[in-house]
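The block underneath contains the structure these notes are about, expressed in structure tokens.
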Amino acid sequence: MKRLDDLSQLATRETADDIDARRLRYVFNLSTIVGGLVLIFFAFRQLGSEDHRLQLVLIAAAAGVWATFLYVRTTQQVVIGVRIASALVALLSLALVYTGGLENTGLYWVFPLLFIQFIYLGALPGLVVSTLILTATGTLLVNSDAIPASYSYAEMSRAMAALLTLMILAAISEFYRQRSQVDLSTRHTDQVIEAVTDPLTGLTNRRFLDGFFYPECRRQESSHFPLAVITCDIDNFKAINDKHGHQRGDEVLVQVSTLLRESLRGSDVVSRVGGEEFLIMAQRAKRKSAADIAEKLRQRIENLEIEGLPEGISASFGVVVADHYSELKAALLNADQNLYRAKNEGRNRVVADQ
Ligand SMILES: Nc1nc2c(ncn2[C@@H]2O[C@H](COP(=O)(O)OP(=O)(O)OP(=O)(O)O)[C@@H](O)[C@H]2O)c(=O)[nH]1
């Protein structure tokens, strides 16, 4: 199970989380840059006005969103940036309702600003923040005599009803968007796991090595190297199949796979890379311990008791240690050559580079 957890982490890393984080980053960048420009545009349109309150609000909001944009550019803290932007947008919404905005159109601008809360925060936090904004807006409108803006009763009641409807629709839409994204990501993860898992033994396969493990070795060189590359091949497997049948042969493969998996550390990678051939990658292993690991495995396979196979089985091993990622390709070839030598020298043995 642990193996599958590791795989699922690897499989999801490039998909759901990253794609959604990218979506949020794009929306944040676009909304803060364009939003700031729109605010400045309206602030300039207010130049002639005697009341400078709205102008100040618009300029302060533009400065705030641009500063948040710069903060995210330098720190890469998109989630914090989005929360700050959400707070600024909430304050701007209330300031527009309070001042009345340009020619008393403040209430209309609350619509897009409320919608942005859902894009920034998602369904539930968006609902909480927009409920607070609507409550505060309602409070200001109930006390409309005490605020500079002047709205008619019909305008206020229609705006509140429409805002409430928008909030509910936006929450439902965002909720289902998030849910379908989780569904898609789970489906994708399942497909990736299936593609990189050998169906007979449950071990990882060559696709896992090529698609995930080797790239990970390149990215995180220090946590993988020195890397012991151990090739393992069951001896005379064709004879086992011929004598005991293909099904018994399959059982041998399953038992050897379980033995390999259980004999190694959770961080070691065990893959079935051919019919009766396995590739083991022991991370941060020393030259001597790599050969010892292979020898331990050889002995355990030799002592494995398999029902209906009284003569038992054996396996040959080729071992090489790669100190750096640049040596990995050559190490894989050399490990194969060592395995070939082990077969030629009589099988049931370990051949390791000194
Ligand atoms: N039961 C079973 N057999 C398989 C599977 N995949 C490959 N094989 C068989 O494994 C056998 C491998 O035979 P060879 O490559 O000649 O190797 P070997 O007999 O083990 O001989 P050495 O490797 O030289 O010791 C072939 O007969 C394949 O048909 C599988 O999934 N299940």
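Glycine is no exception: its Cβ is also placed from the backbone N, Cα and C atoms.
Automated prediction, rather than curation, is the source of TrEMBL annotations.
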Candidate ranges 51-109, 110-168, 287-345 [criterion: TrEMBL lists as coiled coil]: 287-345
The transmembrane segment (110-136) versus listed stretches 26-44, 56-72, 78-98, 156-176: most Cβ pairs under 8 Å: 156-176
Positions whose Cβ lies under 8 angstroms from the transmembrane segment (156-176), at least six residues beyond its ends: 107-108, 110-111, 114-115, 118-119, 122-124, 126-127, 130-131, 134, 137-138, 141, 144
Spatial neighbours of the transmembrane segment (78-98) far in sequence, C-beta under 8 Å, 6+ residues away: 21, 24-25, 28, 31-32, 39, 57, 61, 64-65, 68-69, 71-72, 106-107, 109-110, 113-114, 116-117, 120-121, 129, 132-133, 136-137, 140-141, 147-149
